[in-house]
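What TrEMBL records for His226 is active site, tele-hemiaminal-histidine intermediate. If you look up TrEMBL, you'll see Gly62, Ser63, Gly64, His65, Lys113, Asp118 marked as substrate binding site. Among the features that TrEMBL reports, domain 'DhaK' is placed at 11-341. Look at TrEMBL and you will find 381-605 tagged as domain 'DhaL'. Sequence annotations record features per position, and here TrEMBL assigns region 'Disordered' to 344-375.
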Amino acid sequence: MDFRSKKLINDPNDVVTEFIEGLVETYPGLQYLDGFPDVKVVLRADVSAATYDKVAVISGGGSGHEPAHAGFVGEGMLTAAICGDVFASPPVDSILAGIRAVTGPSGCLLIVKNYTGDRLNFGLAAEQAKSEGYKVEMVIVGDDCALPPPRGIAGRRGLAGTILVHKIAGAAAVSGLSLEEVAAEAKRASDMVGTMGVALSVCTLPGQVTPDRLGPGKMELGLGIHGEPGAAVADLQPVDVVVSHVLKQILSTETNYVPITRGSRVVVMINGLGATPLMELMIAAGKVIPGLQLEHGLAVERVYTGSFMTSLDMAGFSITVMKADQAILNRLDAPTRAPNWPVAVDGNRPPAKIPVPVPPSRSKKNDEVSSRPEELSPLGHILEVAIEAAATSIINLRDNLNDWDSKVGDGDCGSTMSRGASAILEDMKKWLKADPSPKFSDRAFVSIYLCYPLNDPAETVAEIGSSIRKVMGGTSGIIYDIFFKAAYAQLKANSHAGITALQWAAALEAAIAAVSKYGGANAGYRTLLDALIPASSVLKEKLASGEDPVEAFVLSAEAAVAGAESTKNMQAQAGRSSYVSADILASVVDPGAMAAASWYKAAALAVMNKCKGVDE
């Protein structure tokens with residue numbers, strides 16, 4: 001066995017939880033939520049959502065990057081860190097637990113590295129938290145300068161520059177600024193920073209053998225932090241040459257990734273990737289500073305050298321350069337108790353762990369359990385037939401969706417969508433009458449039933465998202481969960497006097513906006529939005545002109561189908577299809593768009609037929 005594959009661990013599956021236990025024993029200012037192994041959240045021991053009056057700053061992501069992110073939890077920096085498994089985005093429920101544990105009336109800011117899994121999971125958690133009444137903003141950091149501007153929506157990866165954004169946002173929050181002001185400072189900081197990494201070895205995941213990707217005498221330029229290949233492999237060079245190349249890449253006027261020009265003031269971070277001796281990091285720092293001053297004409301105001309965001313046991317380093325003015329310097333210089341900035345700690349030792357908070361809905365009385373009404377209202381009947389038709393259409397389209405997806409994706413779109421549709425039909429048929437008897441006193445038992453309160457459209461939409469979350473994996477499941485969470489929030493905010501056709505249209509528009517925001521796609525990207533955006537536009541237009549709402553719905557469904565069919569002429573800019581050649585794409589529609597058009601049209605026709613029956 002290769003020497004680098006040796007690890008001082010117990011079970012590879014327990015490395016993250018055991019790391020957290022050791023962390024809070026070492027730093028008594030930290031606690032963790034008692035939700036192992038599913039919920040892995042580190043938080044400030046002096047903060048409680050019930051009493052905290054400042055903006056909470058929350059970040060996180062996959063583990064393996066220690067000390068990021070849990071080592072930067074402390075007054076003046078992060079309020080909580082959400083830890084996923086090694087190199088895996090934390091699940092939505094963990095993120096929600098962190099939000100609920102530390103977020104008071106001032107709200108919370110989520111700082112998220114630009115990776116699809118992080119964006120989607122934190123995005124869905126943000127929408128759920130908003131629906132529970134929390135104020136939430138999110139800033140995405142993409143500071144990678146190694147690659148040319150990317151095609152499509154992937155964007156620049158989030159790297160070590162995220163730590164500087166943490167510090168600036170944390171200092172802004174502790175100073176008493178509002179959520180909007182803290183988010184603005186974090187966003188400004190993220191726009192000012194650039195990073196590039198260099199690796200001399202490949203990292204080893206716990207319990208696995210070191211992959212042999214780099215040969216002797218080779219180095220990798222422009223790598224990410226998850227062990228993925230870099231932009232190029234080159235012969236190992238002296239550190240002077242490596243540093244010069246990296247600085248030129250970060251400060252390139254061709255990519256213009258950072259707004260830094262000669263005469264600018266900057267701060268610098270030389271970050272070890274996990275297995276780089278401090279001696280080598282200091283040697284690199286000794287080359288970085290004069291290089292910035294003499295070659296690029298910059299005023300270096302602050303230097304941070306050490307291991308801030310690692311990649312397990314990878315040998316190598318990254319360089320981060322951030323444009324700085326006095327406001328940024330003040331935030332970076334502000335005191336913090338985050339242990340790995342680093343700072344001293346006092347001897348107070350509160351309990352190491354506290355309970356995982358539950359959503360507000362869990363504390364409702366038993367007679368408030370959502371249930372299918374014993375008698376449906378006219379609107380409830382219409383909603384029932386629309387949902388049943390939409391779900392059935394997806395089940396019937398399963399084989400076609402799989403066939404299309406086999407040409408442009410991984411071939412499981414139909415199977416995945418059909419699972420979600422089947423779950424919706426099953427849950428809609430379940431009956432749970434509100435019952436205050438002892439057998440329903442256990443909320444954990446009651447919560448396994450998803451019953452659609454069809455007379456309440458907003459709550460029904462929320463339950464559809466819950467049904468999907470149970471069974472639909474991958475990106476599709478999370479995107480549709482976001483879709484229905486955002487629609488629910490819009491409907492709930494305006495349902496006090498009954499829901500009108502215009503409010504349904506607004507809910508569709510809000511759902512589309514949320515999917516676009518967190519997934520990054522837009523019209524023309526060859527996704528489900530190419531069906532839903534035209535549908536939303538036609539629906540709004542027809543309703544505004546006084547068209548009958550049912551007729552407007554049917555016409556908008558025709559626009560959805562036309563939009564989905566038009567994807568055959570689009571170059572994909574999102575998802576697995578973005579890697580498929582244009583010739584292949586031109587032979588088939590986008591399966592996600594066709595699925596969306598199918599359920600939308602089926603719902604519209606069902607509503608039309610039901611209303612005709614009512615009229616007759």
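Even glycines carry a Cβ here, placed using N, Cα and C.
The structure, with features from TrEMBL marked on it.
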residue : record                                              : Cβ neighbours (10 Å)
Gly62   : substrate binding site                              : 21
Ser63   : substrate binding site                              : 25
Gly64   : substrate binding site                              : 27
His65   : substrate binding site                              : 28
Lys113  : substrate binding site                              : 30
Asp118  : substrate binding site                              : 24
His226  : active site, tele-hemiaminal-histidine intermediate : 18
Integer Å distance between the CA atoms belonging to Gly64 (substrate binding site) and His226 (active site, tele-hemiaminal-histidine intermediate): 8
Within the predicted model, mean pLDDT of the domain 'DhaK' (11-341): 94
Longest CA-CA distance among Gly62, Ser63, Gly64, His65, Lys113, Asp118, per record bound to substrate, angstrom: 15
Remaining residues near the recorded substrate site, that is with C-beta within 8 Å of the centroid of the site residues Gly62, Ser63, Gly64, His65, Lys113, Asp118: Gly60, Gly61, Ala68, His69, Gly84, Phe87, Ala88, Ser89, Ile225, His226
